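Asker: I'd like to ask some things about the structure below.
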C-alpha cells in the first residue's frame, strides 16, 4: 500500500459520540494515536479495542495493552471486581459498532468514493475482481478488497478473511481516499455481515450473485444464511441493488428493498432482465456473446472459461455500467479481462492435459465448474477434490454426488483438514461416491496421480483451494499451492 498521510479524528469523546458510551460520565479527554485489536501490536498512544471472541476475551489482555502504551480501551462490559489498568469505556454491542468508530477515526473514507459491494455464496471474488479490471482498463483507479487481499493493482495479497476486520478495512479505505481513488470493489461475506464488520460503511451499490449451501456450520440453516446476506441490501447509503434474476433469492431481496433504491436485474436465462446476454458461444479460448442493456447493445469476446463465468461477467458489467463507465469503454475493457487467480485458472503446458485450478468448495460451485469443463473437454474429465475440516459436514456427500455425476474419474484427497482427521473427512466423502475414483490423502500426490494418468485430450480439475498458497493441517499452516504443484508435475512429465 502506498504510504499516505491520513487525516484522523483523534479526540476520544468525539470519536465515541452516538455509540452508546456514557458521555455524561465524562470520558477522558484523550487524543488517540490509532486503533488496535491485538494487544501484541499496540503502539504508544493507541486505543485498544478489547473484543470478546469465540476463544479469547480481549479484556484479558488489558494489562499487556497498557504496558505497550495504550491510553484507553473499549470494552463491551466491565470486568467485575477489579480495577482496570487503564481507562475503559463500556460500549454495548461494541463489535457491531467498531466499523463505524473506525470510520469516524479515519474521517469516513467510504463517503469519498463509489463502493460496490458483492455478496453471495459463489462468485464474489470473480465479480469483484472483474469489476476492478473493467474500471482499471477503462482508465479509472479502483481498489479491491476480498479473499485475494487488498490492492490497487492486479495480483494476490495474503488475506485470512474474505472481509478484513473493521479497523484494517477503514485504514485501507482511508489510504485510498488519500490518493483520490474514485472506486472500490469489495467482497462482503455472510460472516462479516452477521458480525457487523461492515456496519457504517457508505455502500453505493450492492451486487448479489447467488445463494446456495455453504457456511451452515456457522449460520445453522439456509434461512439464517440468507438473512445475513440480505443485510447488505438494508444499508441506508445504498443507491442501487444489482440482483441475479436467475436466482430465486433475488425476488426475496427485491421485496425487502427500501424506497429510493434502484433495482437492476441481470440474468442469463431471464429475458426480462435489465442486463442480459444472448447468443452465448463457449469455446476453448473463452466466450463470445451479445450484451443487451439500458446503456447499449453489442457483441464482445471475453477470455474467460465456463458458462457460470458468463453470469459473473454479466454482474461485473452491470456494476461498471451503473457506476457510470461509458458503454464503449466497458465493452473494450471486457475483451482484455484476465482469469482471476484460482478461479477457473488454466495451467498451460505444451503437450499435457488441460489442468484447471478452481476455488470451488461448495456443491453448487463444484457442479458448475464440472459442467463447464465437461462441455469443453474432448477426453476424460478427472476431478481432484476434498472437503475442509471443521466446516459444514453436510456438504461432503453433496460434493461427492456432484463429482460422481459429471466427472469420469475422481481422486479424493485432503483440502484443509484443520483439526479433523483427514481420513475421516475422506470417509464421509467416499460414503456418497460412485463411479471410478481413487483415494490419496496427500494433496500433492493426488494432484500428481491425476495429471500423470491423464491423456493430452483429458482435462484435470483441481478443486477447493484455488489461489491459496497454504494448507492447514491440525493447527499448522504449511506452504502449499495447487497451481505450483500442477506446474511442477506438468514440467516433470514434459522432461
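Glycine is no exception: its Cβ is also placed from the backbone N, Cα and C atoms.
Given the structure is predicted, the values throughout are model-derived calculations rather than measurements.
Features from TrEMBL:
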DOMAIN    32-79  domain 'Mur ligase N-terminal catalytic'
DOMAIN    118-320  domain 'Mur ligase central'
MOD_RES   229  N6-carboxylysine
DOMAIN    342-466  domain 'Mur ligase C-terminal'
BINDING   391, 415, 416, 417, 418, 464, 468  meso-2,6-diaminopimelate binding site
MOTIF     415-418  motif 'Meso-diaminopimelate recognition motif'
Asker: Would you mind giving the whole-number mean pLDDT across the domain 'Mur ligase C-terminal' (342-466)?
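Answerer: For the domain 'Mur ligase C-terminal' (342-466), the model's average pLDDT rounds to 96.
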Asker: Consider each pair of residues in 391, 415, 416, 417, 418, 464, 468, all listed by the record as binding meso-2,6-diaminopimelate, and report the largest Cα separation in Å as a whole number.
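Answerer: The meso-2,6-diaminopimelate-binding residues span at most 17 Å between Cα atoms.
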Asker: Counting other Cβ atoms within 10 Å, pick out the least crowded of the binding-site residues 415, 468.
Answerer: 468
Asker: Across the motif 'Meso-diaminopimelate recognition motif' (415-418), what are the DSSP residue counts per state (helix, strand, coil)?
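Answerer: Output for the motif 'Meso-diaminopimelate recognition motif' (415-418) reads 0 helix, 1 strand, 3 coil.
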Asker: At the Cα level, what's the spacing in Å between residue 416 (meso-2,6-diaminopimelate binding site) and residue 229 (N6-carboxylysine), rounded?
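Answerer: Given the Cα positions, residue 416 (meso-2,6-diaminopimelate binding site) is 25 Å from residue 229 (N6-carboxylysine).
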Asker: Between 229, 391, which of the recorded positions has its C-beta surrounded by the fewest other C-beta atoms within 10 Å?
Answerer: 391
Asker: Compare the C-alpha of residue 229 (N6-carboxylysine) with the C-alpha of each of the binding-site residues 417, 418, 464, 468, and give the closest one.
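Answerer: Ranked by Cα distance from residue 229 (N6-carboxylysine), first place goes to 464.
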Asker: Return the single residue from the binding-site residues list (417, 464) that has the minimum number of other CB atoms within 10 Å.
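Answerer: Looking at the binding-site residues 417, 464, the Cβ with the fewest others within 10 Å is that of 417.
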Asker: Can you count helix, strand and coil residues in the domain 'Mur ligase N-terminal catalytic' (32-79) using DSSP?
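Answerer: For the domain 'Mur ligase N-terminal catalytic' (32-79), the helix, strand and coil counts are 14 helix, 14 strand, 20 coil.
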Asker: Give the sequence-ordered set of same-chain residues, not counting 391, 415, 416, 417, 418, 464, 468, with Cβ within 8 Å of the centre of the Cβ atoms defining the meso-2,6-diaminopimelate site.
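Answerer: In sequence order, the nearby non-listed residues are 361, 386, 387, 388, 389, 414, 465, 471, 472.
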Asker: Non-local Cβ contacts of residue 418 (meso-2,6-diaminopimelate binding site) (under 8 Å, 6 or more apart, same chain)?
Answerer: 388, 389, 390, 472, 473, 474
Asker: Run through the Cβ atoms and count how many others sit within 10 Å of the one on residue 416 (meso-2,6-diaminopimelate binding site).
Answerer: 24
Asker: Just to be sure I understand, if DSSP states are collapsed into helix, strand and coil, how many residues of the domain 'Mur ligase C-terminal' (342-466) fall in each?
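Answerer: Across the domain 'Mur ligase C-terminal' (342-466), DSSP assigns the residues as follows: 45 helix, 26 strand, 54 coil.
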